[in-house]
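As recorded in TrEMBL, the features of this protein are as follows:
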ACT_SITE  C:LYS96  active site, schiff-base intermediate with DXP
BINDING   C:GLY157, C:ALA183, C:GLY184, C:ASN205, C:THR206  1-deoxy-D-xylulose 5-phosphate binding site
DOMAIN    C:4-248  domain 'Thiazole synthase ThiG'
Protein chains: 4
Amino acid sequence: MTLQIADKVFHSRLLTGTGKFSSAEIMAKTIKASGSELVTVALKRTDLQQKNDNILSHLKPLGVQLLPNTSGARTAKEAIFAAQLGREALGTQWVKLEIHPDPKYLMPDPIETLLAAEQLCALGFVVLPYCSADPVLCKRLEQVGCAAVMPLGAAIGSNQGLTTRSMLEIIIEQAMVPVIVDAGIGAPSHATLAMEMGADAVLVNTALAVSPNPISMGKAFKQAVEAGFTAYQAGLGAKSIHSQASSPLTGFLSGVST
Amino acid sequence: MTLQIADKVFHSRLLTGTGKFSSAEIMAKTIKASGSELVTVALKRTDLQQKNDNILSHLKPLGVQLLPNTSGARTAKEAIFAAQLGREALGTQWVKLEIHPDPKYLMPDPIETLLAAEQLCALGFVVLPYCSADPVLCKRLEQVGCAAVMPLGAAIGSNQGLTTRSMLEIIIEQAMVPVIVDAGIGAPSHATLAMEMGADAVLVNTALAVSPNPISMGKAFKQAVEAGFTAYQAGLGAKSIHSQASSPLTGFLSGVST
Amino acid sequence: MTLQIADKVFHSRLLTGTGKFSSAEIMAKTIKASGSELVTVALKRTDLQQKNDNILSHLKPLGVQLLPNTSGARTAKEAIFAAQLGREALGTQWVKLEIHPDPKYLMPDPIETLLAAEQLCALGFVVLPYCSADPVLCKRLEQVGCAAVMPLGAAIGSNQGLTTRSMLEIIIEQAMVPVIVDAGIGAPSHATLAMEMGADAVLVNTALAVSPNPISMGKAFKQAVEAGFTAYQAGLGAKSIHSQASSPLTGFLSGVST
Amino acid sequence: MTLQIADKVFHSRLLTGTGKFSSAEIMAKTIKASGSELVTVALKRTDLQQKNDNILSHLKPLGVQLLPNTSGARTAKEAIFAAQLGREALGTQWVKLEIHPDPKYLMPDPIETLLAAEQLCALGFVVLPYCSADPVLCKRLEQVGCAAVMPLGAAIGSNQGLTTRSMLEIIIEQAMVPVIVDAGIGAPSHATLAMEMGADAVLVNTALAVSPNPISMGKAFKQAVEAGFTAYQAGLGAKSIHSQASSPLTGFLSGVST
């Protein structure tokens, strides 16, 4: 059940975000219920001058690995600068690389992302890039030293699920680093499906934060991820077009007089 | 979390079947791991002359509610006769009504099923009919006194998932008795989805029995059902086409000098 | 390309309805553009006292086969009575049998539909029943003498397409009479898909009537149905998971000096 | 109905390929039946020394615009070299840019493709790049001067249809140059759907070439593309969950004595 990324081992395969929650307290309780051990934080959201800000002070007792993200960056240069600020502010080499020039759908830029990834890896960062579900791009991100790849299932915050499924399947088949499905996962069934397909982990934020009951939803996602991973390991049956009877079909009356 | 059918209360929302397992021992361990408390048994599979047959003797220690099914029946008359045999043999009024004249896809017969359901209810049975995902038929089965309805997600044993989703949604919306999605559920994600949609329970057999690791798969389905039910109760967010940023998007560098 | 239903031969595999159009003139022009030769008419919509009403007077010059429907009937008895009125008023034995007790989703009632179908066939009607996508029900409707079966793709007027696809495939495989996919077809691509799957025809109404340009849409559906039928007859290739290069892949530079 | 790419106007919105056909004669007849006016040719397949080779000699009488492709290129450098050979051999500035380092799924390389596109545009080529369904990449390809973008629907030759639909919708919404859906289109219904979504054109090869009746299939795709484009222009109705009756529902017997 453990997941290794770079040199760290996690017991949970559910990554969470910290945005959109109604309060930092709810956020922390939700993350705790979810079992998540790797939590992404927007740099803007943390007070870079003062480490004891609201979000961080609520996250600290959970003992999770912080994963500062570069959300808001539109170029490699901006992202690298943001990553360096995050390293200084949060004391971690880990960074979730996000570069999205388009404010409407927040689609990641493949060119700038690869450029920034290469430079950040060279600078000693542990880089987890958010990227489009592009099999060749994922291979290239891996080749420049990324610790994992984070292809999107659908637009961020859209809750649409694994709309890029056919590409995710190829990415998973070919990857030599962990594949973490990010964005679009709006329901536990999406998370279960991703894990059944062989994804190494999923990241969920909006679906938790906007639920009327985030803490319960955190628990649901924890179970969903575990269910999917267990099923993947146990081995799923093939789909068939014809029926295969689970109960004996013919002659149930044979042997008894009618 | 409890599910009430007729006058019984269950703590699990996962029904299981007993067919296709490699051994009765594996079957029993799988059912135990799944947490299932309501277990369907084909009449042919149990020895009607002698209650201590292999399947039953393995099920007994689990303390589950047995649900004899009429699999193999092609007409209402055959099904009623089978149900009566089952009642006598297994000492329970509960029956899963299955009538499928077609040996290839095992599709249930709506006419004979309604006819048999009406008569079995009149005879005092607790009737859970397997049926097509037909909203009007489900209402009619409810009206003649069925304790639940069991519409199919796909052909039995096909592992195709909720191919009838659009009809299941209408059935769930309109039902006054528990809706148990039966047939076609081939992966935990299917079960999670059914529960998220508001189904009261799901029945799984083939996906457990044919897994290389049935016991692990039993555990996976247990978690999957709980995840989906928890999410349904907590309330899922709406899907949207546009992105909704979970992290702040613009000006992440504002407030710091670049 | 011709389609035979009962003893009539049609050159079009597109059935149309007459409801919801902004005017009878637009309706007639749309039907003409669609090439449809079999047109369903609600009994209420035609003036039963006076044959030259607005709809009928616009349809007459088109030379189409009228197909009165029993829409609004909630029971077999009501439907049979309506069919008899239709026969008298429109001078045709053909009837589209529709029985839907539920006003919200207009789902057909399998029990009453089969009952009415049997009686109407016995009375000499040419019966085309609208029904749920239930393979056993379709077989039974065929066995009592229906000239075709009209399983639904989705709820009437929902434009959702072939949501019942997995069941339609079984119905098409097993049917000995024409299968006409009715309800839910909201775009030409749905019609093309139905025909590619081997359906004999489709019925479209809402998608035409509510389009800003019904006449163009009529033409689009005509082409879509023909495209799907032609493809079905020509034979479609299988889907595959792996790529199969359409252009030569390796060594495009071989033979030339680089 | 006309489609403009760069300075050329086409009367067909169906692009075709020339690979995999059983003979050049069948290929030419299929393309003619399809109405396609823009036809892609692999450089390897044409004899670069001698223009009157088999494929070209069959294409010439059709009067189509040739679109040499760089299939087989694994880097920008190889693709540029191939494009230059193609220009010389076929006497056209037009090029379909394809760079796919992975021989199994033939997924295009976003980095090398953008690099090559930029240089080819600077060299005066009319560049139509095959690319992943990545909205930001498509914008960037447009910005470096590509005459169109050709995002994939699924892996080449897989016949899986528009598996990347959610991304294609964003690409179509944002593009200022024609969007031609390429790869994966395995049935006319896929082509119709792409056009209904607002794609400007589609490219089809495998589905034509491997059909038992390529010429009929060519005709089917011609109709399918026209149907989808006509429907897009006419305006499709929205999908709804509830039914909307096309025939009057209640009281069909009102006004007549029963």
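Every residue gets a Cβ built from N, Cα and C, even glycine.
Nobody curates TrEMBL annotations by hand; they come from automatic prediction.
Computed from a predicted structure; not experimentally measured.
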Length of the line joining the Cα atoms of C:GLY157 (1-deoxy-D-xylulose 5-phosphate binding site) and C:LYS96 (active site, schiff-base intermediate with DXP), in Å: 17
Rounded to the nearest Å - Cα separation of C:LYS96 (active site, schiff-base intermediate with DXP) and C:ALA183 (1-deoxy-D-xylulose 5-phosphate binding site): 13
Helix, strand or coil at C:LYS96 (active site, schiff-base intermediate with DXP) [DSSP, three-state]: strand
Chain D neighbours, restricted to the recorded positions C:LYS96, C:GLY157, C:GLY184, C:ASN205, C:THR206, by C-beta under 8 angstroms: C:GLY157, C:ASN205, C:THR206
Other CB atoms, at most 10 A from the CB of C:THR206 (1-deoxy-D-xylulose 5-phosphate binding site): 24
Residues satisfying Cβ distance under 8 Å from C:ASN205 (1-deoxy-D-xylulose 5-phosphate binding site), sequence separation of at least 6: C:THR16, C:GLY17, C:THR18, C:GLY19, C:LYS20, C:THR40, C:GLY157
Intrachain C-beta neighbours of C:GLY184 (1-deoxy-D-xylulose 5-phosphate binding site), sequence separation six or more, cut-off 8 angstroms: C:LEU152, C:GLY153, C:ALA154, C:ALA155, C:ILE156, C:SER158, C:ASN159, C:GLN160, C:GLY161, C:LEU162, C:THR163, C:THR164, C:HIS190
Residues satisfying Cβ distance under 8 Å from C:ALA183 (1-deoxy-D-xylulose 5-phosphate binding site), sequence separation of at least 6: C:LEU106, C:TYR130, C:LEU152, C:GLY153, C:ALA154, C:ALA155, C:ILE156, C:GLY157, C:SER158, C:LEU203
